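Peer 1: Not my notes, these are from TrEMBL:
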COMPBIAS  242-258  compositional bias 'Low complexity'
DOMAIN    1-35  domain 'HIT-type'
REGION    239-266  region 'Disordered'
Amino acid sequence: CETCSKEEAKYRCPRCLKYSCSLLCVKKHKLTQSCNGVRDKTAFVSVNEFTDLNLLSDYRFLEDVGRTADAAARHCLVHSPATKRLLYCLRNKARGCNIELKTLPVGFTKRRENSTTFNSVENKFYWHLKLIFPHCHAEYTLKGVPDDKTLADILKPYIDPVESDPVVCQRLKVYTASPQSDVRILMKIENRSRNSVRYNELDASRSLLDNLKGKIIIEYPTLFVVLKTLKNDMVVLGQDGSEPAENSDSESSSLSSVEEGEIRDS
């Protein structure tokens, strides 16, 4: 058993392939590894290992995707004028704040779970926000985060050794035990090729709105919290020596005229 290292393993997780000896260890491994236990149908399989079962699995996966896409296209919300007006309003308000907000069609996971709203009375965004802590394989979803809240205040319930929840503190002990000066907040730069993924480093002392200005957001912001002292594979734009850092205005202007037209038309 890879969880308790005491008993003989009886089960193997379809997702991460770790061995467990009992239901208790299965649940514990799911909690500590943030594993859902569901087999990854899109996992890479080499040609030498590809069998008829893999072919059948791929065929069924494509059929499921087709059914999901068809159901999404028939969803009443897709053609709802109220929904279109709401999305147009969100994109328009975001553009007024120098933020390129892109929305996905109904049926996409990020579209379904996005709870971002704009309060016209307060003239303020309340963002749906996802925090990912790669060093602990943990992620948390926040709803209704006001855009004038600083990133430091947003992270306090998670990495502050005094104000964080005891359960969260224990899970993120690598972060809570590190000085605040070692914490870096990164956000992926959209519209880049897969072999050229880069991240922007955000300022924890500034508000969420200030940090999002000049950025491209797909549905909602996803922030990666990393430590300077621990190795990670995230390359910050301008710090890899291969290309200069871009300012916020140049990032937003990188959208092609076709993409801008699609946003306006939608």
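In case you wondered, yes, glycine gets a Cβ from its N, Cα and C as well.
Model, not experiment: these values are computed from the prediction.
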Peer 1: Could you give the mean pLDDT over the domain 'HIT-type' (1-35), rounded to a whole number?
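Peer 2: Average per-residue pLDDT within the domain 'HIT-type' (1-35): 89.
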Peer 1: What is the three-state DSSP composition of the domain 'HIT-type' (1-35), stated as helix, strand and coil residue counts?
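Peer 2: Secondary-structure composition of the domain 'HIT-type' (1-35): 11 helix, 4 strand, 20 coil.
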